[in-house]
Amino acid sequence: MAEPSGLIAKSGIELLTFGTPNGHKISVLLEELKEAYGKEYTVQSVNIMKNTQKQPWYTALNPNGRIPTIIDHDRGGFAVFEGLAILTYLARHYDPEHKFSFPVDSDDYSVAEQWISWQHGGVGPMQGQANHFLMAAPEKIPYAIQRYVGETERLYGILNARLADRDYVAGPGRGKYSIADMSLLGWVNNSGAIGLDLPGQFPNVKAWLDRLLARPAVQRGLTVPGGQLGKWSYANVERALKGEPGTEELLKTYEEGKKLVADAKEKYGYNGSPKSITATMKRKLDSNDEPTAAPPETENKPSQGEKQPADAEPSFAELGLDPRLVQAVAKQGFEKPTLVQRKAIPLALQGQDVLCKAKTGSGKTAAYVLPLLSAILKRKSTDSTPFTAGLILVPTRELADQVFKAIEQFSAFCAKDIHAAKLTENVSDAVQRSLLANVPDIVVSTPARAWHSVNSSALTLSKLQYLVLDEADLVLSYGYDEDMENISRSLPKGVQTIMMSATLSAELDTLKGIFCRNPTLLDLKEEFGAEDEKLTQFYVKCGEDDKWLISYLIFKLQLIKGPCLIFVADIDRSYRLKLYFEQFGIRSCVLNSELPINTRIKIIEEFNRGIYDIIIASDEKSELFGDEAAGAEGEKKESKKESKKGGEEGAEKPKKKRKHRKDEEYGVSRGIDFKNVAAVINFDMPTSAKSYTHRIGRTARAGRAGIALSFVIPKELYGKHRPTSIKSCENDEKVLAKIMRQQAKINRKLEPYNFNKSQMEAFRYRMNDALRAVTKVAIREARTRELRQELLRSETLKRYFEENPTELAHLRHDGELGRTTRQLPHLKHVPDYLLPKEGKKALASQQVGFVPFKKEGGKDRRHRKGKPKGRSFKVGGKKDPLKTFKVRRKVK
Ligand SMILES: Nc1ncnc2c1ncn2[C@@H]1O[C@H](COP(=O)(O)OP(=O)(O)OP(=O)(O)O)[C@@H](O)[C@H]1O
């Protein structure tokens, strides 16, 4: 057929095009306009293989000499080139009812335009070059192939994320089919040419494509100008993948393309990071000018004390993770990887053993879950044999639950490819066995439960590839060493091990010896830099009864705002404090190891959902084994024997040498991601610096602000107030000194905080009344009553909430327990006459060592113009939660 040599139409739109993705976006729109409005158009096929588009008559219309171009004969032969311009031109002039577009001055129009620009600047050029280097280039250049295909995959990941909760790219709600979709359609339709696996890699994009391909106008538009679908049209690729006759050649080319891409990525250790690619290129040029495999990324070695420049920080997409995971991370609202994620993920993806110490709340869970999932997905793309590839061991069932949920969240876009199981629920062996019979890819468990399952042959670790120990130090120190040794004997050779904790110390040497092959140690201290410190630490030295008084005032007068965690020494103490608070109408709930596991998980979930503001946790276990931190302090470590685990796995029989004292239960808070905690209060000091680190690590997480306030009983005041005295506080000052030394090592300090004693005195008799009302009998009854209630509830709690959401309030865990406590209703109110003239702030000021919460001479922010008075602290915000503010006396 002769090539066109000029325009042929007299009216309507004349389209000069070829069967390419850029051509199809216009022919699809013109087909839609024809169907919707009867708008006619004429097509001329411009064979780009013959360079017709370079002819002078053509470049007079489109100086760039590319297809497509349109000529609007109804508007004086006006010519338009470039896809974005053509789509928007046609929409503005010929889509008056906005069937495929949006009103020009609307934000939706702008959104559509943004996505079309993104296609123009990103998807088109990258996929075009990927296509060229894979299909057309005279030689196959692996570097170029992996670069352009990789970049296209990154962009498809973004589109996939965009389409996670919508049907179309632009438009309100789930979106509306528009020119934004048409702009991308042709490219996605041809993605098989560069070996992309749409359903596997980008399921949302695939679903969107199916939606578009169902439209008759789209089907017609994709056959313009030749009258038939292009070779790489997705419908053809799908037929080939199904093995339909006549598609063998296409399938072969597709598979070859995929292999070329995989080899190219392998060769350059592709991890999607422009930085690593630059480094690779530099290495090549610096050495012998030969293309060589990239050595492991040296820049991932931990750098001590030095902050990375912001522009050197890769995004999640650049860490080399599977695009579906990147998408899930985006869905979680994670904007960029944290330090531990930036450092640990590339190492883990390279198959290295990693031993990582990073601060509490710094994102360690994602740092090991993401590479684990990525590696499993990668393997499954070529080998779908089911086996348990990953074992994640955690010290507590709460943590197992949390990690399991994290896996679910991160595999939201590849759920069909990832099957995880947790072994720590209160379920029978039979149920657990059936869970494992499905051969999960990943098992999350406590060591005891894991060994139990291995021992009973329910769990097979013979093909295990990855082992993760979260809170690694605790996993050993809680007496799991026997289980760990047993598990280690069941592991095949070459298992990659990742160990994480905020406090790694001596016991890790043991673990290292058992599990690791020459691990890379990441000691990520640099994020403790004073300038980004968002945690403020205070201590209050006071008498034993004073802490009851101060706590009452803090919460009754709301000197601290936002969710709080209060740590006490033991379970009785937690009920005592709760009942004491109840006397003043302060609601709180207790969290301890005595409560059923489902209840504990529920309490944490409800706290995280903002249902409770105060949790009183008795972190018994970490108290007991507090001295394990002594290793880090250069002091004697407790013997392992003493750190045997208690009843964590209540269903299991006691093991030899293991003690089963109730007070040897593990701490209920370690590693738990309590969200948005404004303050951690050590009502009773922990007995070790390590325990302190983990307790205060429940606040100031994920870059948020928080405070820690610790009550310290000076030696001379210890034992002076018998009713409130508790043995664990005898050495508070020594522990404080230890904590201060340890915190100083990481550039953190604790400041003294003094309350105005004379102003507080007016409240003392109320404190005494309340303390007297909370008798030992009342505590015992409250404890057993709650236990009984929770045991009853925990079975049905979940369903009950689902079926009776409005009755949630009845089941609140911070409900009053003090039925047998003598009720003193007057204590629930604070009469004005008790408050100092200056208001609440006078209670915590004018003392030596007082740390001002407002700058000297600074304005009280509540009195700033335009700001409402009263509560102004936002949880998790940058403001200081321990704020003081005025309570106005009523004018009589
Ligand atoms: N890249 C990120 N961007 C924003 N938030 C993040 C990021 N990574 C993790 N988070 C959030 O930070 C919080 C703390 O993460 P995580 O529980 O993994 O911390 P951790 O280091 O394991 O703490 P701990 O030592 O106390 O166990 C979580 O709420 C998590 O969702």
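The backbone N, Cα and C atoms fix where each Cβ goes, glycine too.
Bear in mind that the values here come from a model prediction, so they are computed numbers and not experimental data.
The stretch that TrEMBL tags with motif 'Q motif', taken from the ranges 82-110, 314-342, 691-719, is 314-342. Long-range Cβ contacts of the domain 'DEAD-box RNA helicase Q' (314-342) within its own chain (Cβ-Cβ under 8 Å, at least 6 residues beyond either end) map to 153-154, 156-158, 160-161, 164, 201-204, 270-275, 308, 349, 356, 358, 362-364, 366-367, 370-371, 373-374, 377-378, 409-414, 522, 524, 526-527, 702-703. In terms of DSSP helix, strand and coil, the domain 'GST N-terminal' (14-98) has 44 helix, 17 strand, 24 coil. Summarised by DSSP class, the composition of the domain 'DEAD-box RNA helicase Q' (314-342) is 16 helix, 0 strand, 13 coil. Remark: secondary structure over the domain 'GST C-terminal' (105-237) totals 91 helix, 0 strand, 42 coil, with classes taken from DSSP.
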